[in-house]
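One structure is given here, and the rest of the page talks about it.
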Amino acid sequence: MAKKRSVVPFGPQHPVLPEPIHLDLVLEDEKVVEAVPNIGFIHRGLEGLTEKKDFRQMTYVIERTCGICSFGHGLGYVETIENIMNVEVPERAKYLRTIWSELARMHSHLLWLGLISDAFGFESLFYQSWRIRERVLDCLELTTGGRLIFSVLEPGGVLRDINKDQEKEILKQIGLVEEELKEVEKAFLLDYSVQTRLKGVGIITKERAHEIGCCGPVARASGLSYDMRKLGYEAYGNLDFEPIISNDCDSYARCEVRIKEIHQSIDLIRQAFAKMPEGDLSVPVKGFPKGECFTRIEQPRGEAIYYVKANGTKMLDRFRLRTPTFANLEGLCEMLKNCEYADVGILCVTIDPCISCTER
Amino acid sequence: MANVKRSPWLLHYDGSSCNGCDIEVLACMTPVYDAERLGVENTGDPMQADILLITGGINAQAEPVVKQIYDQMPRPKVVVAVGICACTGGVFKDAYNIKGGADTVVPVDIYVPGCAARPQSIIDGIIQARELFQKRSEEHDAMVKAGLTYEQYKKMKDEEEAKKVAAAKAEEDRREEENNG
């Protein structure tokens with residue numbers, strides 16, 4: 001007897017999703033045959049705002065592309081403007097930007113650890129991860145004044161400094177994060193019930209990940225050594241690190257990569273504080289940009305590409321942003337093929353979807 | 001129905017926000033801020049929700065979804081707009097796809113400003129919402145006791161309100177006349 005096919009709508013309002021995304025799941029009994037994503041619930045028309053706001057105001061608009069990767073988006077945009085205008089940013093500002101983007105990466109990954117444990121029903125692990133995350137948010141609030149959206153970037157440098165007391169406090173807090181994470185990660189990596197939900201589920205092979213252009217932790221968990229920080233933008237060129245990869249290709253590998261990246265970020269912050277020179281925070285930027293430029297940076301979720309075309313007036317001609325989740329959605333559709341219906345919720349979370357970025 | 005304010009269900013929907021407020025709403029439920037000590041609990045089911053938290057200025061595609069969720073919620077219900085985008089449209093007010101504030105789509109009772117709204121202010125919004133929820137459920141009880149439908153009850157209340165306004169106006173006119181005369 002031929003199996004009957006049925007189409008089940010998933011989302012946009014769904015308990016496992018903090019953000020709305022709609023998937024049409026084609027099912028054969030309990031097996032998912034195909035998943036068709038339907039996006040656009042958070043499309044605001046952010047790129048269109050370039051017609052109404054000048055290029056300095058756009059820094060703050062672009063930070064609000066997403067509340068989780070806000071620092072990364074601002075960084076990508078100001079870097080693109082600086083590249084067009086040939087501005088050399090002071091050394092200290094480069095280090096400060098590196099420190100803040102690593103803190104942002106830590107809070108994003110800890111947030112993901114919470115969401116995944118919520119998705120497989122481990123409530124106390126969710127609470128523990130988010131409790132640790134509050135330490136990172138406290139550091140960010142101490143130095144920038146904001147918990148999620150910081151507004152400390154400007155073309156030419158940064159607006160705030162980190163003084164000695166704040167440095168001491170940050171180093172103390174990330175030390176505590178490291179200790180507490182070591183306790184919590186045992187549950188993620190060794191717990192039997194967690195492994196049954198993650199191991200061997202949602203496989204993307206190395207070849208396939210390369211073909212469909214996955215990026216960030218999803219690509220690195222499939223064995224691709226692919227990290228934009230290796231390009232050496234800001235102060236990353238002076239810091240010592242290697243991309244973290246895993247060859248397991250499943251959900252467990254993605255979890256492992258993210259946990260190790262939190263440790264890596266802690267290490268990078270320590271290195272950056274040790275090497276940070278004294279000096280100015282920003283250089284004055286005069287005139288308006290003219291020309292066009294692409295910039296690639298590594299967001300917590302993967303590689304983001306920024307494109308700016310400027311015409312020499314204060315308004316930009318075009319701003320374009322390719323977000324990591326856009327690349328990884330193809331990976332999600334790949335994973336969902338031939339998976340169990342009950343795994344759909346977890347698999348959606350494993351790519352760390354940021355729908356706000358993707359739809360803008 | 002005594003003290004329903006001690007246990008309302010909370011529903012959160014992201015009507016095209018930047019994610020910042022959504023994460024802060026979730027952070028409210030975690031141990032550091034712990035809004036659950038107030039008796040509220042997060043749910044994913046609109047059919048059993050009492051308080052709706054909306055984040056973000058609503059866009060064209062999210063509009064029918066927000067309306068549907070609002071209609072699915074049982075009466076009495078309270079709507080809280082979290083974040084400046086849900087209050088007025090915020091930084092995206094000029095963007096072409098934004099309606100500008102949640103109150104353009106559904107009636108909003110409580111506004112929580114901030115970009116992103118801080119957990120402390122969200123919790124303050126939740127506390128105000130549950131007071132309002134208590135008041136509304138008492139009214140709802142009265143309505144059920146009187147055997148009226150919601151439309152009839154609303155009409156009655158509107159008439160009462162209109163009478164009150166008219167009386168206040170008449171009083172004011174009389175005073176003015178006295179002062180003048």
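Quick reminder: no glycine exception, Cβ is built from N, Cα and C everywhere.
The candidate list A:Cys348, A:Cys354 contains one residue that TrEMBL assigns to the Ni(2+) site with A:Cys66, A:Cys69, namely A:Cys354. Chain B lies within reach of A:Cys354, taking the binding-site residues A:Glu47, A:Cys69, A:Leu321, A:Cys354 and requiring a CB-CB distance under 8 A. The shortest Cα-Cα distance from A:Cys66 (Ni(2+) binding site) to any of the binding-site residues (A:Glu47, A:Leu321, A:Cys357) is found for A:Cys357.
Summary: among the binding-site residues (A:Cys354, A:Cys357), the fewest other C-beta atoms within 10 A of the C-beta are counted at A:Cys354.
Helix, strand and coil counts under DSSP for the domain 'NADH-quinone oxidoreductase subunit D' (A:288-360) come to 28 helix, 28 strand, 17 coil. Calculated from their C-alpha atoms, the gap between A:Cys69 (Ni(2+) binding site) and A:Leu321 (Mg(2+) binding site) amounts to 13 Å.
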